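Encoded as structure tokens, the structure appears first; notes follow it.
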Amino acid sequence: MDVQSVGVIGAGFIGRGVAMAAALGGMRVQLYDTSEDVLERSLLHMGQRLAARARHYGLTAGEMEEVLRRIRTVSRLESACAADLVIEAIPEEFEAKRALWREIDKYAPAQAVLATTTSTFSITELSGATSRPEWFLGLHFPQPPTSSRVVEVVRGYVTCEEAHELALRFCKRAGLTPIQTIDVPPFLVQRLLIPFIHEGIRALQEGVATAQDIDEAMRLALQHPIGPLQLADRMGLDHVLAISEKLARETGDSRYLPPRLLRQMVRAGKLGRKSGEGFYVYDEDEPAAPASAASDSMRVERSPLG
């Protein structure tokens with residue numbers, strides 16, 4: 001059996017990317033959120049994203065419309081759960097996720113694969129909120145699937161082979177490359193990513209270079225598609241801080257200790273793109289300004305050396 005229908009719970013940054021990837025793979029999608037406004041904006045964003053990248057995806061105008069028709073927004077949780085694969089994509093709040101999974105468990109079909117996008121919580125522990133932990137696993141998208149084609153497939157302690165295989169087939173059909181990892185959160189990509197971001201922040205904190213130059217150095221000298229500071233802004237600085245603290249606490253490794261500047265910016269409410277300001281300033285109606293164009297408007301807090 002292959003996944004034919006996908007329920008996505010949460011229409012934010014990651015959720016709408018998952019919905020679009022599934023629809024591009026020919027699957028039917030029910031996209032749920034508690035906010036009608038978020039659902040409307042997600043549909044608009046997906047349409048704009050498809051139109052902007054039609055050539056990349058090799059789509060005609062008619063095919064683009066067909067992809068969007070495969071995505072149905074729903075305001076009732078039970079409607080979204082009527083699917084072969086149910087993917088929860090709400091923010092990283094453990095008790096909120098557990099409460100939501102107790103509700104999903106009431107509505108999802110008995111043989112549905114249940115997946116969470118968490119990057120920081122134990123899959124095994126979250127699966128305990130359901131009556132069928134053997135059908136529960138993690139699908140962690142380090143970036144929205146429309147930006148990065150990688151997904152971490154994380155088996156819980158009792159995840160069955162059938163659920164795991166169905167998840168892998170979903171990834172292939174959605175054009176995603178699965179990275180198989182064990183249930184030791186934070187998972188592989190975050191373990192590699194956080195030190196990279198930290199070094200960029202520390203270089204700024206110590207006055208080594210401007211945010212623009214740090215990001216350009218990574219892009220141009222090391223051929224990295226995005227610099228550490230722009231990436232942190234995209235992820236959300238509060239999210240970066242939470243992952244850093246969890247990694248530092250659970251591993252005891254000083255590489256994961258958050259830089260002072262990161263803490264200062266989160267305390268100041270400068271969370272990156274989602275708050276309108278982080279290492280760069282963002283316009284609500286525009287994507288992040290390129291680093292080469294943002295230097296004049298950049299406002300970054302620096303902490304003293306020491």
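Glycine is treated like the rest: Cβ placed from N, Cα and C.
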*Range among 55-75, 139-159, 265-285, 286-306 that TrEMBL annotates as region 'Disordered'*: 286-306
*What number of additional C-beta atoms lies within 10 angstroms of the C-beta atom of His140 (site 'Important for catalytic activity')?*
25
_Secondary structure content of the domain '3-hydroxyacyl-CoA dehydrogenase C-terminal' (187-282), with strand meaning DSSP E or B_ = 66 helix, 3 strand, 27 coil
